[in-house]
Amino acid sequence: MKKNVLRISHIIHHSKKLRNAPNLLRQEQALLVRFFSHDAQPSIDIWKAHRHSCVPSERARVCRSSSSTTKSLSGTFTRDVSTTMKLGNSLSGSVSNKQLSCMQVQLRRGFSSDAALPPHQELGMPSLSPTMSEGNIARWLKKEGDKVSPGEVLCEVETDKATVEMESMEDGYLAKIVRGDGTQGIKVGEVIAITVEDEEDIAKFKDYTPSASGASAAAAKESPEPTPPKKEVVVEPVTSPEPKVSKPSAAAPSGDRIFASPLARNLAEEHKVPLSSIKGTGPDGSIVKADVEEYLASHGKEAPKAKGGAPAALALDYTDIPHSQIRKITASRLLLSKQTIPHYYLTVDTCVDRLMDLRGQLNALQEASGGKRLSVNDLVIKAAALALQKVPQCNSSWTDDHIRQFHNVNINVAVQTENGLFVPVVRDANKKGLSSIAEEVRQLAQKARENSLKPEDYEGGTFTVTNLGGPFGIKQFCAIINPPQSGILAVGSAEKRVVPSSGPEQYKFASFMSVTLSCDHRVIDGAIGAEWLKAFKGYIENPESMLL
């Protein structure tokens, strides 16, 4: 009975300590984890070193003290500090695997075995816009060995939308530039440079090369449980070389039935290509037309020979133009828009005679006062903003849980440049005067042509206006919605038409401009879109109302 009481008190004593383990793990300066054996042996202490700020001499001293401590504990724990993380399972579930993995990463960093490198900081490719997944280094403004201070510009990064300056966050020296000028396709978080605190440490990073594979391998070794699945994933790519040559040769002698679409079968017969030599990518491995075309393209020299000695087709002369970041992101976003947003289009013709008269009067006043001239697009932006204020349902966006209706009317304006299509934003356009809108659009367009837009210059728009009429004479077109917005207005050119006049058999000339509203049907119903176009047309045909 007495032995049972002692055993129960022993369990209660240890369970209290175990309940305290998560609190100990959350401490930042010193981390004390205790593992309790069944024989109530002395506990094992694991010290958490600071990250890269741990001086090598101090690091070695801490490692030596911790290793000597482990040797004195009855020989039950003799591995290094990183191995002690495996004791987490003995804490009866009190410590989560997430906390243990974080602790292991910090310990591995603090007790780095690479004593040749001094304390340093790795600068990764920053995420400078919500849609950025990779970036390019346009140019470095600092050289290796330069001293850097907080706020100083290190380099210019070409993001998916603009070229942005990357600033230093701390004092130090730029020891190594890992990714030089013009490097493209750098993933967010990938190391691009190394900084150190002391100038004498710069030379030690002359031949430094960060090993991304080593870091990923270390991350894989840190968690003992995920390692078996990773070994299975490594085995799978071994089967990927099948599509090279072995697949068609193996398929030829087999007598199994080959599934192909009728169009693919006819195309293969026309070019006298055996279906057994073509790898299918359709459902269940069936051969489709694209597979036959790809085969013919890859065997272009062999196909003409099968046509009774017909002369081989002349090779096309072409130039491959690399994708820019803005081109890649524009392609992906517009493809996403057309595939996921149910577009519909509403077109209306607006008489712009009074608008042109008012513009002429305002430009005369602007020139007299030394101001800049107003464009038709400036008046269109103002009319669209006021129409959004009048019909706020069109100033909204779709989310999975609700429709978000914005109280700010921020108009994105499409600007075409040599580098691609940019959409800088005019904020609170409904509250600004025409001269303010004209000046802001002019400045943003200039920055877009210089590829110097900052994220605040193009983020936060709620509606977009694109005009191909004035500059290019396009009569009418349909634009693709700029997600996550729910509407975009496509503005065509103005043309003169003969229209009936007030009297019988009387006619007159009038200028009309076609505009097309692209709507997201999830947010804007047809009647709501028509109501917005009616309001927009009212402001265009009665432009004086925009000045009230």
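Note that Cβ sites are derived from N, Cα and C of the backbone, with glycine treated the same way.
Marked as compositional bias 'Basic and acidic residues' by TrEMBL: 222-234.
Feature annotation from TrEMBL assigns domain 'Lipoyl-binding' to 120-196. For the domain 'Lipoyl-binding' (120-196), the model gives a mean pLDDT of 87.
Taken from TrEMBL, the feature domain 'Peripheral subunit-binding (PSBD)' applies to 259-296.
TrEMBL lists 215-256 with the feature region 'Disordered'.
Shown for the domain 'Lipoyl-binding' (120-196): DSSP residue counts in helix, strand and coil, namely 0 helix, 39 strand, 38 coil. Taking H, G and I as helix, E and B as strand and the rest as coil, DSSP gives the domain 'Peripheral subunit-binding (PSBD)' (259-296) the counts 23 helix, 2 strand, 13 coil.
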